[in-house]
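K.L.:
Residues annotated as substrate binding site in TrEMBL: 63, 70, 71, 72, 125, 151. Taken from TrEMBL, the feature 2-oxoglutarate binding site applies to 110, 111, 112, 195, 196, 197, 198, 199, 200, 201. The Fe cation binding site feature in TrEMBL is assigned to 121, 123, 177. According to TrEMBL, the domain 'Fe2OG dioxygenase' annotation covers 103-204.
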Ligand SMILES: O=C(O)CCC(=O)C(=O)O
Ligand SMILES: [Fe+2]
């Protein structure tokens with residue numbers, strides 16, 4: 001599935017960076033966070049078309065999307081409460097891997113049920129593009145597609161498994177990327193089928 005050859009500069013894939021115990025511990029943290037800040041279904045700006053992915057957030061800021069647009073906000077759109085804190089294990093991972101001296105402000109939690117996908121996009125709602133985007137996968141495998149920084153350019157695919165970390169930094173910070181599909185039944189980490197992706201981002205300039 002993965003095209004041969006090196007990944008583009010700034011795109012780092014660390015397969016199974018978290019071992020099984022670390023994945024279980026992180027999943028327990030994510031469950032606690034989702035109990036406090038329930039998953040919600042975002043909608044596309046303008047059309048209001050619902051995402052197939054459900055989301056929640058941890059951290060001082062959370063990413064939301066609704067007919068009014070994409071934005072970061074400090075409060076959950078449905079409960080009106082602040083997002084729970086980012087799990088310490090994720091902050092440690094950021095310190096180790098981000099190459100950026102300030103903490104992330106948002107941890108977007110994406111839940112992909114079988115059939116969910118995320119179209120090709122750039123992560124560009126952040127003011128400080130010097131910070132990378134760092135994401136961790138938990139649960140079923142996913143087909144992750146990435147390209148360059150121009151829409152419509154060539155793309156390649158990478159299969160992401162549970163515990164994998166992907167960093168989009170440097171020249172790849174604004175690379176187009178998305179998730180074409182997940183592969184139900186390829187992991188036993190979650191109780192049922194599905195995939196969780198945790199995406200850490202610095203939003204504001206320090
Ligand atoms: O699920 C993934 O691996 C990617 C998620 C993503 O690109 C995003 O939330 O912006
Ligand atoms: Fe993204």
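Using N, Cα and C of the backbone, Cβ positions are placed for all residues, glycine too.
Those TrEMBL annotations? Automatic predictions, nothing curated.
Describe the structural context of these features.
P.N.:
DSSP assigns residue 63 (substrate binding site) to a strand segment in the three-state reduction.
The 10 Å shell around the Cβ of residue 198 (2-oxoglutarate binding site) contains 24 further Cβ atoms across the protein chains shown. Annotation note: residue 198 (2-oxoglutarate binding site) sits in a strand segment as assigned by DSSP.
Around residue 123 (Fe cation binding site), a 10 Å sphere centred on its CB holds 19 further CB atoms from the protein chains shown.
Residue counts for the domain 'Fe2OG dioxygenase' (103-204) under DSSP, split into helix (H, G, I), strand (E, B) and coil, are 3 helix, 49 strand, 50 coil.
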K.L.:
Looking at the binding-site residues 112, 123, 196, 200, whose Cα is closest in space to that of residue 70 (substrate binding site)?
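P.N.:
Closest by Cα distance to residue 70 (substrate binding site) among the binding-site residues 112, 123, 196, 200: 123.
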K.L.:
Compute the average pLDDT of the predicted model within the domain 'Fe2OG dioxygenase' (103-204).
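P.N.:
Average per-residue pLDDT within the domain 'Fe2OG dioxygenase' (103-204): 98.
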K.L.:
Which of these binding-site residues (71, 72, 110, 112, 123, 200) have a C-beta closer than 6 Å to some atom of ligand 1?
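P.N.:
From 71, 72, 110, 112, 123, 200, counting a Cβ under 6 Å from ligand 1 as near, the near ones are 110, 123.
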K.L.:
With the Cβ atom as the reference point and anything under 6 Å counting, tell me which of the binding-site residues (63, 70, 72, 125, 151) are near ligand 2.
P.N.:
none
